[in-house]
Number of protein chains: 2
Amino acid sequence: MARRLKGVLAPVVTPFDADLKPSAERLITHCKWLVSQNAGLAVFGTNSEANSLSVAERMTLMSQLVEAGVDASLMMPGTGCCALTDTVELTKHAVKLGCSGVLMLPPFFYKNLSDDGLYRAFSETIQRVGSDKLRLYLYHIPPIAQVPITPGVIERLLKAYPGTVAGIKDSSGDWNNTDMLLKNFQSESFDVFCGSEVFLLQTLRGGGAGAITATCNVNPAMIHDLYAHWQDADADDRQAKVTTVRRTFEMLPLISAMKAVIAWKRNDPQWSEVRPPLMSVPKEKLEPLREKLDEIGYQMNL
Amino acid sequence: MARRLKGVLAPVVTPFDADLKPSAERLITHCKWLVSQNAGLAVFGTNSEANSLSVAERMTLMSQLVEAGVDASLMMPGTGCCALTDTVELTKHAVKLGCSGVLMLPPFFYKNLSDDGLYRAFSETIQRVGSDKLRLYLYHIPPIAQVPITPGVIERLLKAYPGTVAGIKDSSGDWNNTDMLLKNFQSESFDVFCGSEVFLLQTLRGGGAGAITATCNVNPAMIHDLYAHWQDADADDRQAKVTTVRRTFEMLPLISAMKAVIAWKRNDPQWSEVRPPLMSVPKEKLEPLREKLDEIGYQMNL
C-alpha cells in the first residue's frame, strides 16, 4: 500500500561482494536496520552508486528487497537514466512493486538542455509509464548531474501532471535554491526535500517535507530525532549536533567514508568495496576519521 | 577480420521511428552509404544519441548492421557507460562481432574523479573483457562528459595494456590538447584522432590518424578527400571549404541539424526525429540553414 513519503530517507549505499557484484544479503540487512531507525529508503541514489549498476542489477535488487520483506511503501528508488527506455523500465518496475515514489534524475549525458527538451524527457517518461500510481520526485543535483531542473520545467510538469509530479529533492547544496522551491512550489501535493541534513531544520521551518540525505546511512536515529522534534526548544542544538556528524564524515569522500565506517562497525571489511570509478578509503586515511568520530561520541546504533 | 582504423569516421546518427524506437532499416542504409563514401563507422557516439539508447538497443542494432552486411571491421562502436557491467557487456559484444575497435567514454556520472579511480574503471573493463582482440580508443570529451581523461591516466593505461589501448579521440575542442596528445602519445600502436574535421589538417600534419567527426554524417566525401590529399598543394584550401560546411551546420544544434538535413535530402521526414532530452529542429529554423547550405554549394552526394 503506497503512502505519502515524508521525513528522513537514506540514499541507501549498495554493498558489493569481492567480485564487485551487488551483495543482496548485506543490502537487505542494511535496509531493515534503516527502517528500524525510522528512515525511508531512497535506494539507488547518487550515494548508492546507482548509475554504476546496470538496469537489470537494479531491478533484481529491488525485487530481492521486497521478497525479503522490506516494505516497498517505504521506498523511493532512483530510476532516472540517460536513456528514456531505461528510465521507463526501471520506473515501471518500481511502481509494480508498490514503491511509494521514484526519485528521477534528468537524463544527464547531454548538457545545456533546453527547457523544452528537459520537459519532453520527463513528460515522455510519465506517459510511457502510464500509471496513476506513479509519484515522481524530481532529483535536482547540478553539482554532479550538471543538468539542473529549472523552475520553468517544474511549473510545466505540475500543470500537465498534477499529483503525479509529487515533489523534488534539492541537492544543489544552495539554501537559496531550496528556499525558492519551498516558497514557489511546496504544497500538499508537491513536497520539497533537502538533499543534506545540514538544511533539515531550515527546510522544515519553511514547510518542507524532510531530507533525503547521504549520512542517513550512518546516522539515521539522530537525524530522525531532529525531524521528530523540530518544533522543540532545543531544535537548533539538535541541528548543530547533526551537522557536526555530517561534517566529520565529509573529511573523506562521502560514499567511501560511509562504507568504510559500516565495514568497521559491522566488522565486515567487504562493506568497504566500491565500484569503479570510485575508490575505497585507504586504511591510513580512515584512522583520522575514526578518531574524530570517537571524539564527537558518534555511535551507529547497530 | 580486424584492421587498424585510420582516416575519417562518422559517429553515425541513429534514426528513430514514430514511436522513438531505433529504425534499423534507415541506419543500415545510412551506414552503407557512409562506407561507400570511404567513411568508417563510429556508431553509438555522442552524435548517435548512444547514451539515449539502452544497452540492449545498442547490442541489437550492432548485430542487425552486421547481419545486413555492413563490414564490422570498419566499425568503432561507442561502448562506454556509467556502469562497469554495461561497458563490459557492450564491449564484449563489439569484439565478438569483429569490430576493429571500440570508442570508450569514461564513466561520466561522478565528477572530479581521481586518476586512480579513472584508471581503475578502464583497467577493470579491459580485464573483464579479457580479449587480445580488443582495441580500445579512449574518448576524451570534457565539454559533454565533464570527466576528462588525463595524460597521467593515458600513460598508466599504455604501460599496463600496450596494444590494447590503441588510441584516443580528442573532442576537447582545444587544439592545444590535441597537439599535446600528438606530441606525447601518437605512435604506431596509439592513434590520435581529432574530434572535429576543423582540426583534420593540423592533426595529420602532427602525425595523427584522422578524424572522428559529427558532420562526416552529412559531408563524408569532402572530408575524406581532404584526408586523402592532405599533402597536396591545395590542402589548406580544402580544409577551408570543409570548415565552411561544418560552421554552416553549427548554425543549429548539430545532431538535430544533421538529421533534419538527411530527412530533407532523403525526402524522409521521419529522419528528423531525436529522442528526449533532445528536440528536433522546428521547420522555421531549418529554412535559414537550407538556404545557407544551398548558397555554399553543399551537396550530400546520395
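Glycine is no exception: its Cβ is also placed from the backbone N, Cα and C atoms.
What TrEMBL says about this protein:
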type	residues	note
ACT_SITE	B:Y139	active site, proton donor/acceptor
ACT_SITE	B:K169	active site, schiff-base intermediate with substrate
BINDING	B:I212	pyruvate binding site
Spatial neighbours, same chain, of B:Y139 (active site, proton donor/acceptor) - Cβ under 8 Å, 6+ residues apart: B:G45, B:G78, B:G80, B:L103, B:M104, B:L105, B:P106, B:A145, B:I149, B:I168, B:K169, B:S171
B:I212 (pyruvate binding site) CB neighbourhood, other CB atoms within 10 A: 31
For B:K169 (active site, schiff-base intermediate with substrate), the number of other Cβ atoms found within 10 Å of its own Cβ: 33
DSSP-derived structure type at the residue listed as 'pyruvate binding site', helix or strand or else coil: strand
